[in-house]
Amino acid sequence: MSAATALRGTPYPYRRNSLNLFRLILAAMVLFAHAFYIAGAGDGPHLHGENLGGWAVAGFFVLSGFLITRSRLRTKPGDYLLHRIARIFPGFVVCLLVIAFVFAPIAALIEHGTLAGFLSTPVTPLQYVWGNITLYIDHYDIGTTLQSVPYPGAWNGSLWTLFYEFCCYIIVWLLGGLAVYRRSPWLAAVAFLAGLAVWIGIDLAQRWGLDESFFLLAKLAPFFLGGAFVYFIVERAGINRWVAIGCLVVAVALIFLVPRWGGQASAPFLAYGLLWLSAVIRQPAWIARNDVSYGFYIYAWPVQQLVVLIGGLALGFPVYIVVTIVVTFALAWLSWVGIERRAMRWVRPAASTGSPESVPGDIQRA
């Protein structure tokens, strides 16, 4: 038996995996990491200057790269964009509206005892929604709300990543139009290595006057492109247990031992290992049917701020975290049932049959 044959694995179970559970765990890690800042309890766990939430976002991008590449290669270009817009924007816009016209007025009443000037004091609720509606976050504050909390003036410090995620969608959309990208993993490998090289040389790039947006895209894109590259490998060779264990060991070593770019370099190894884990670990049937991770991610921060404002920290930090998890989960479920799932079902008739959007693992936060 050849080495190549020995390394071949089983086909990835797109319809029976634990990716919904994994993404929910990653979203909960983001909530936990942000809790320290929002509660004024210090910086929380860090590794190489990145908090736990930052590493969780990296995990999101890795898994998204794998799944979104599959979506691009199995749907028409227009359908792909329609699905991506429908998956991100409806829930996002409703979240902005809920923050601006539900959470912020409650905060104004708690802090000031009145809504006088609420609709006219910059940043107004309408300015908050309109200024952020493109996914690029221009406004974090609304009027004079959230001035009496440990982390003042920021209604949602998580949403900024969505802009860069959507940029990665566009990159894959463009690459997917190239025949060589669709036929072979090599262009995907080159794209990942190019993204990694840009991040490694980011100090030089910044000397050219490139702004923070380029810096953040350069930081996050290698994770996404690493997951995209692994899609081609898994599609051709399946998932092998021993290769996956080896990949996880390499990923952990790179993350812990290489301070600045080890995380980005670990992306394909991390993707392969996480996919294997998602194939062998079972998730509750309810989570398999309901992908609440996106809603959990976008509502966690404002819920945490509001719970602090109403005195939730008096219950103690651990209880505060539990309360915010419960409330956020409830809002995430409402977002999924009332907005996100409906939007995805609405666009399906316009899409080609056999789209991977019908696969539970593909209906995801990223």
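The backbone N, Cα and C atoms fix where each Cβ goes, and this holds for glycine too.
Summarising the annotation, TrEMBL assigns domain 'Acyltransferase 3' to 17-335.
Feature annotation from TrEMBL assigns transmembrane segment to 21-40 (among others).
Annotated transmembrane segment per TrEMBL: 52-68 (among others), in sequence order. With a cut-off of 8 Å between Cβ atoms, the residues of this chain six or more beyond the transmembrane segment (52-68) that come close are 19, 22-23, 26-27, 29-34, 44-46, 84, 161, 165, 168-169, 172, 220-221, 223-231, 234, 255, 263, 267, 270-271, 274-275, 297, 356, 361-362, 364-366.
Among the features that TrEMBL reports, transmembrane segment is placed at 88-110 (among others). Here the transmembrane segment (88-110) has Cβ contacts under 8 Å with residues 118, 125-126, 128-129, 132-133, 135, 142-146, 155-156, 159, 162, 165-166, 294-295, 298-299, 302, 305-306, 309-310, 331, 335, 339-340, 342-343 of the same chain, all six or more residues outside its ends.
Long-range contacts of the transmembrane segment (162-181) within its own chain (CB-CB distance under 8 A, at least 6 residues past either end) are made by residues 60-61, 64-65, 68-69, 72-73, 77, 80-81, 84, 88, 92, 134-137, 187-188, 191, 216-217, 220-221, 224-225, 228, 298, 366. Per TrEMBL, transmembrane segment is recorded for 162-181 (among others).
The transmembrane segment annotation in TrEMBL covers 186-202 (among others). Same-chain residues lying 6 or more positions outside the transmembrane segment (186-202) and placing a CB less than 8 Å from one of its CB atoms are 69, 171, 175, 178, 180, 215, 218-219, 221-222, 225-226, 228-229, 231-232, 260-261, 264-265, 267-268.
If you look up TrEMBL, you'll see 214-234 (among others) marked as transmembrane segment.
Distant neighbours of the transmembrane segment (241-259): 7, 9, 47-49, 55, 265-266, 268-270, 272-273, 275-277, 280; these residues of the same chain sit at least 6 beyond its ends, with a Cβ under 8 Å from one of its Cβ atoms. According to TrEMBL, the transmembrane segment annotation covers 241-259 (among others).
Listed by sequence, the residues of this chain that lie at least six past the ends of the transmembrane segment (265-282) yet keep a Cβ under 8 A from its Cβ atoms are 10, 12-13, 17-19, 21-22, 58-59, 61-63, 65-66, 192, 196, 222-227, 229-230, 233-234, 239-241, 243-245, 247-248, 250-252, 254-255, 258, 361. What TrEMBL lists as transmembrane segment is 265-282 (among others).
The transmembrane segment feature in TrEMBL is assigned to 294-313 (among others).
TrEMBL lists 319-339 (among others) with the feature transmembrane segment.
Sequence-remote contacts of a segment are chain residues at least 6 beyond its ends whose Cβ falls under 8 Å from one of its Cβ atoms, and for the transmembrane segment (319-339) they are 28, 31-32, 35, 39, 90-91, 94-95, 98, 290-296, 298-300, 303-304, 307-308, 312-313.
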